[in-house]
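**Q** I have a structure here, written as structure tokens, and I will follow up with some questions on it.
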Amino acid sequence: MPSHPALVYRCSPALALFLLLLSALCVAGGASHADVTGQVVTRTATWLILVLAILCGVRPIGRSAGPVFWLLLATVLLVLLQLVPLPPSLWAALPGREFLLSAPLSQEAWRPWSLAPSTTINAASSLIVPVAILYLVSAIPQEERAWLPAIMLGAIFFSMLVGLLQFSGFIIDNPFINDSRGSVGGTFANRNHFALFLAMGCLIAPVWAFAGKQSPGWRAPVALALMTLFALTILATGSRAGILTGLLALALGLALCWHDVRRALHGAPRWVFPTLIAAIVSVIALFILVSIAADRAEAVRRAFEIDPGQDMRTRGLPTVLSMIAAYFPAGAGFGGFDPVFRLHEPFQLLKPTYFNHAHNDFLEIVLDGGLPALLLLLVAIIWYGMASVSAWRANGRHSVLPKLGAAILFLILVASAFDYPVRTPMMMAIIVIGASWLCQNRTASMTADFT
């Protein structure tokens, strides 16, 4: 009787635990608020899976993700350092602490660097997710890492289905995230984060179809359909930033698989390739125009209706900049933007809802961590720039995953200029996955075809 190894194949413990953790993140990892149930679920699941991985003997393979490890370690240490109590004289010398000096016993009490220690503890607790993801991804065997793009595409597709149900009027009350009733956010509490997630799908889909070791075959039309659905769902979210990241993702996705499409069409007449590219762009553009004409493109409508001068991102920017100047170079403490902003919030910005973040993560990182965080951010960006240039200069199929990782991180950097996507557990995981792909460009032996 013939054997069918593909049907009886058992995945490694590292991949099985990674899939389990990714499933938990898909369901409960789409919110950034500290008080939502999803934070308890994701962190508990992450700790249990990490302990189980250690007990099962799961160990990282090689050192391909070395830069990611050191950057993540520096981040964890910096956040924990803000919780160390400081002598009264040293703490009083930190900028921005003058308002507490008149409090009773303020001259004798040892206080942590952070002005809001409870929020900094929460920030430190949240970092267990990227730590566990890096541990598991580094432990996945090389041949199984080839499945990660398809796995990520499946997670994005699942979130898109939830978003389409919401768009159709179906009420989904996710108990794990603080989503808004009637909004299209998929598995995320914030529509901007959901739109960014969908934009990543526009990146991964063409790469999955054309750049793998298998011929495109049925994957090509499936990828085109997925890209179209992702683009239309981005318009339905109402995210203005999503329009930008979606357009960038479509362009980068085509650039990533450009040579692979040409190779797949080897032997065809020369006019076939430009015609195919034009047809793909035209089909996506046609569906988008139909969506706009049918008044189903909420993001386009909001882009024209909202006055930039009335947007809280614009109105709150001067206050955020003044806060950075007040607490620099020590910083106010990670995770403490909300209580610290209330100390500086001018009367004209008061409203029934609160301004929970700076809506520019680069500025908020500097506000929270001061000069040390700024230096760490610059080191991370410089490493990203150098690794990305190296990845895009490389040729061959082994360079596709590093390029994909660079493109994913680029989208996150762009989105972080308008919002705070990296503060959700799911996006933390994606950053680590994308960075680990980018690290694979270091040596050819650390690369593998993917399916």
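In case you wondered, yes, glycine gets a Cβ from its N, Cα and C as well.
Automatic, uncurated: that is what TrEMBL annotation is.
Fair warning: this is a prediction, and the values are worked out from it, not measured in the lab.
Pulled the feature table from TrEMBL, pasting it below:
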type	residues	note
DOMAIN	226-378	domain 'O-antigen ligase-related'
SIGNAL	1-34	signal peptide
TRANSMEM	44-62	transmembrane segment
TRANSMEM	69-94	transmembrane segment
TRANSMEM	114-138	transmembrane segment
TRANSMEM	150-172	transmembrane segment
TRANSMEM	192-211	transmembrane segment
TRANSMEM	218-235	transmembrane segment
TRANSMEM	271-294	transmembrane segment
TRANSMEM	320-341	transmembrane segment
TRANSMEM	362-384	transmembrane segment
TRANSMEM	404-422	transmembrane segment
**Q** Tell me, please, if the transmembrane segment (362-384) and the transmembrane segment (114-138) are in contact, taking contact as 3+ Cβ pairs under 8 Å between residues separated by 6 or more positions?
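**A** These two stretches do not touch.
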**Q** The transmembrane segment (114-138) and the transmembrane segment (44-62): do they have three or more Cβ pairs under 8 Å, with pairs 6 or more apart in sequence?
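**A** Judged by the Cβ rule, the two regions touch, with the required three close pairs present.
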**Q** With CB pairs under 8 Å as the measure, which of the listed stretches 69-94, 192-211, 320-341 comes out on top against the transmembrane segment (114-138)?
**A** 320-341
**Q** Count the CB pairs under 8 A between the transmembrane segment (320-341) and each of 69-94, 192-211, 218-235, 404-422, then give me the winner.
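**A** Counting Cβ pairs under 8 Å, the winner is 69-94.
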**Q** So what's near the transmembrane segment (69-94) in sequence-distant terms, Cβ-Cβ under 8 Å and 6+ beyond its ends?
**A** 101, 106-114, 117, 120-121, 123-124, 127, 130-131, 134, 330-331, 333-334, 369, 372-373, 376, 379-380, 383, 432, 435
